[in-house]
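Features of the protein shown, as given by TrEMBL:
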- B:191: active site, nucleophile (ACT_SITE)
- B:158, B:180, B:191, B:271, B:390, B:395: substrate binding site (BINDING)
């Protein structure tokens with residue numbers, strides 16, 4: 001159990017033919033209450049898919065009743081027809097929940113505008129077949145809902161090779177989560193769909209604060225390939241079913257753990273990668289500058305290709321950070337690879353032969369000596385497999 | 001003849017053992033006057049190689065007498081020893097020119113501070129052997145100087161597969177140029193060394209204006225891999241030997257032609273590339289926004305990998321420009337590939353099957369409908385060979 005580990009939730013995942021492989025591609029997570037608090041963060045890309053446009057309205061309008069997610073099609077740049085598909089999907093879910101006897105707090109039916117929608121897959125896909133496969137199968141999806149479900153996480157995957165899930169228990173409440181994401185991983189957010197559930201008693205504002213803090217230091221610092229998606233959404237739903245009012249700080253800390261854990265799982269499954277690279281920036285004048293410096297290295301193709309070749313090319317690190325506006329003296333910087341300081345004060349230090357880059361986990365430490373702030377950016381190397389997957393697979 | 005096509009110049013290129021291949025790796029271009037006007041633009045990377053630090057002082061201090069260039073070592077991040085190597089190189093050139101009877105206008109010897117220095121190759125390289133090979137061989141280099149030289153262009157190449165040169169004649173004066181650059185091509189400037197000579201009669205200020213205008217729309221819009229180098233320098237030297245005072249506007253136009261020609265040559269020889277992609281942005285609110293939009297696409301690895309796979313993935317184009325701050329409505333954009341409009345008003349238009357991306361030359365046209373400004377960014381695709389060259393070759 002993942003998103004149903006907290007009390008008050010049911011979920012399901014089924015195959016409706018959106019994926020050519022016949023694998024599960026439609027998931028639903030329902031908050032059965034008694035409370036229905038929620039929060040969400042969305043891609044900062046100005047080109048936004050139809051489900052993002054829809055879900056923003058749901059979040060702005062009040063608390064969410066359920067979230068329906070499909071893989072096998074992003075429903076992005078599909079025009080008015082695509083937006084209608086999203087709306088019809090939400091209506092089908094609302095109708096199915098109403099049919100099973102669920103009602104909204106203040107009405108006799110579940111309102112479609114309380115249903116969040118997420119889509120992931122090929123951009124541009126969104127024809128009549130795509131719509132019908134989703135809408136016609138929502139009743140079957142609702143019928144499969146279960147409080148001990150294990151099928152939802154697989155139904156949101158695209159090029160992912162493994163399911164990404166996390167669960168934490170604390171003080172009488174639980175957080176559960178599922179995520180998808182393997183490419184187009186750059187922040188604000190990475191290409192990811194994440195659903196996080198909890199049975200803690202918290203209101204919308206508390207959830208929103210905790211979620212923004214947690215994603216800002218986790219998913220927003222995952223930058224696998226510098227490419228920002230059109231469909232990203234991280235959603236947090238709270239049922240209050242534990243009856244326990246969580247301490248807000250404790251909840252925020254556990255939620256941050258969950259998001260950090262999922263970020264590492266996304267990094268570890270990035271398309272074609274052979275190294276998971278953590279770029280730790282220390283001694284920055286501000287946290288924002290630490291992030292800027294780390295990101296400049298994470299997005300440098302020459303650096304990323306060097307790591308693929310097990311070459312601890314610190315010159316490319318300095319050349320990358322020289323392009324930023326961060327406070328530092330290029331000739332006072334130290335750079336270490338996997339614990340070996342190869343560059344001191346902007347010049348050569350230990351011999352590069354002392355550094356072993358063959359392990360998948362790679363740690364680059366950059367000391368700017370310009371202040372006290374720090375940040376770590378997660379990225380991956382640039383490999384033949386990355387080029388292959390993204391030239392042969394249209395997404 | 002290239003840089004000696006204009007009257008008043010001699011050049012030479014010899015092999016001194018900096019390149020392991022034994023190919024030519026040290027070049028010299030001398031302005032024999034009667035005038036010695038000059039201008040230069042440098043990398044905007046804050047991490048700058050020793051020859052850049054030196055040459056900036058030369059340019060700030062007055063007109064340049066000669067320029068000495070080595071491949072086989074960037075002399076970057078090599079500390080005080082590296083800077084001394086650059087200074088000693090300039091002194092050796094000044095001594096050699098003095099020995100052959102040349103004098104500066106106002107003294108009895110050639111001043112080292114009138115000698116520009118450029119280096120390219122592996123960052124971090126710069127030991128005693130590197131220094132000695134250059135300094136000890138400067139007399140032989142000076143002895144090889146000739147007004148009909150054809151050896152200099154090859155001596156500045158690194159991973160380039162071909163020499164890049166251009167010559168134009170107009171109104172009684174001539175411009176000649178040689179360039180190197182094959183990777184780490186991103187502006188402000190790309191990784192390039194360029195020497196341009198002319199026998200037109202122009203002063204420093206005229207040269208500076210013409211050079212900044214020409215490079216701003218050529219080399220600064222070449223963005224092969226988004227990686228900015230530490231060693232870039234474009235130098236323009238004017239001998240006045242034609243005796244013809246060039247019309248400043250005509251000279252600027254011809255210089256712009258030369259720089260555009262060399263930019264196309266650099267794009268065509270980019271490491272590992274299989275497509276030369278021109279990204280034309282039309283209808284932008286300003287030229288700066290047109291450049292921003294074009295660059296966001298040029299630096300998008302998913303777009304670049306798609307082109308390698310001959311996939312006209314317009315969704316990745318929209319996802320890339322959605323990350324910019326430029327004025328536009330993502331759902332009012334048109335995108336064409338090689339003349340076929342695949343995206344209209346942010347949705348699908350012609351079938352992608354109508355578009356043939358197999359030719360090396362690739363034209364992407366983005367119409368923003370937000371204004372009247374336009375710009376074209378030159379880039380390349382992301383290929384297996386790019387990854388191979390930059391993971392196996394330490395630079």
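Even glycines carry a Cβ here, placed using N, Cα and C.
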Chain A neighbours, filtered from binding-site residues B:158, B:180, B:271, Cβ-Cβ distance under 8 Å: none
Which of B:158, B:390, the listed binding-site residues, has fewest other Cβ atoms within 10 Å: B:158
Collapsed DSSP category at residue B:180 (substrate binding site): strand
